[in-house]
């Protein structure tokens, strides 16, 4: 894992991108800007294939580049950070489409941003991810990583789930409803927010457990310290969904447990990026309708 970014020695930057009609033009724009700083662009294999070029696997890019660019939306950067969690590369999110919470730099801002970046005017945020443990009936435990959240929901449409929860090995709660969301601080502005969960400052060392449409009015979200572990069991026909990308049948597992991970993403940001201003703009806070 690279300890820091030395802007004077940056030679290679890898790009992972979501396919779009503007992809080729966006890549040309970024390449033109970075070539002016003597930086070589390397493409992830799926991106390179679209352009009939040679590319590199994501892990290879992460190990051999000074930092990575995620060109797309929040889903692209989430997938990239999950795939490279063991390597923990520096990642810059440039959005191509709807403005997200994670990819706050637009294509129109690239030239100005990189001028600031190569002048040393940037910050690195390190939001924690979530360790998710899948306890199989065979006795084997699989460890996965979540950037935003892990969600347990019914595998059948309009069906309820019954979920038992334990905290640090002690019985804690019994959820009866549409499911539960275990979210990182960054993930609290995703599905968690839609389920009326709390919004947590993204660099906090806590995580949340939020019931989805509980059948009891007394059920409320809880915010847990970083050293707590929560375990869930269910006899319902349910699914575990990690970041909306990976799905696992709960019927194949005895339990699922989660805790705040020691692993964190390393996101390159504008200097002075104001998280609460972003919340205000996206959630239309402070407006008198």
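Every residue gets a Cβ built from N, Cα and C, even glycine.
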Matching residue for the NAD(+) site, where Swiss-Prot names 74, 75, 148, 149, 178, 186, 189, 190, 191, 192, 193, 194 - out of 245, 277: 245
All-chain count of other Cβ atoms within 10 Å of residue 245 (NAD(+) binding site): 13
Between residue 74 (active site, proton acceptor) and residue 148 (NAD(+) binding site): CA-CA distance (Å): 10
C-beta crowding around residue 178 (NAD(+) binding site), within 10 angstroms: 20
Distant-in-sequence Cβ neighbours of residue 189 (NAD(+) binding site), under 8 Å, six or more positions away: 101, 199, 279
Distance in Å spanning the most remote Cα pair of 74, 75, 148, 149, 178, 186, 189, 190, 191, 192, 193, 194, 245, given for NAD(+): 25
Packing count at residue 148 (NAD(+) binding site) (other Cβ atoms within 10 Å of its Cβ): 29
